[in-house]
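Per TrEMBL, the features are as follows:
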- 86-145: domain 'Potassium channel' (DOMAIN)
- 171-251: domain 'Potassium channel' (DOMAIN)
- 12-31: transmembrane segment (TRANSMEM)
- 118-138: transmembrane segment (TRANSMEM)
- 168-189: transmembrane segment (TRANSMEM)
- 201-219: transmembrane segment (TRANSMEM)
- 231-250: transmembrane segment (TRANSMEM)
Amino acid sequence: KAMCSGRLQTALLVAGYFVYLLVGAAVFQALERTAERQEKMAAAQMKEAFLQNFTQLTVAEMEQFMKNLIEAIQNGVYPVGNESQFEESNWDFSNSFFFAGTVVSTIGYGTLHPKTAGGQIFCVFFALFGIPLNIVFLHRVGKMLSLLCKKLGKFLYEKGMRKKKIKFLTLLFFLATGILVFLCLPSVFFQITEGWSYSEGIYFAFITLSTIGFGDYVVGKQSDRKYFSYYRVLVAIWILFGLAWIALLFNL
């Protein structure tokens, strides 16, 4: 009964956690998408005006254009290419889910952020409840993984191995497996999908899973590359389970 109850609690926690992220993603998308579209239209008009009059601009006007351009890029608007690119939203569902995941995991790359008053206020409350929920989720997943450690330790003990050696081998096994699954293999995937070098993929994976999150490398942000649907959702799920692996290492 206790085992069934524990499994039910875990299932409810995981389901509730992902529902929380899904709802958060939907709200961020609803609050930010219209404002982003207006910002992209303003950037397109600014670019058009510059192309028509750039030979007649004064130094002051040129500096103002550069300031507006930098501000647009900082807000995730890249006025390059044709107008069809302005139809692609930074706040589609995949990006919104990815953003919600980086908020509750406290990574916070800074490349995507809410700019409307409603989005900013919602982000405060979303993080206020989401960060503790994330900690509970990671603790529970780490606890489940630690049960696998106990089973492995029990198996080795039955084979006549000493306890100190079992502890060392268990830690080594989960450390090596985690490095392979959460650092090495994803880096190959990022190398193919993003066009980064393998060392850049390793760097991004470590900076992300350690929650440092500089924001110098972020997935799905290159305008000249085509990404498959829900690419960033998969990356968000990789982040969550990667953080659970790190929580397990701390437990061990």
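Placement of Cβ uses the backbone N, Cα and C atoms for every residue, glycine included.
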Restricting attention to the domain 'Potassium channel' (171-251), give the mean pLDDT. 90
DSSP says what for the domain 'Potassium channel' (86-145): how many helix, strand, coil residues? 43 helix, 0 strand, 17 coil
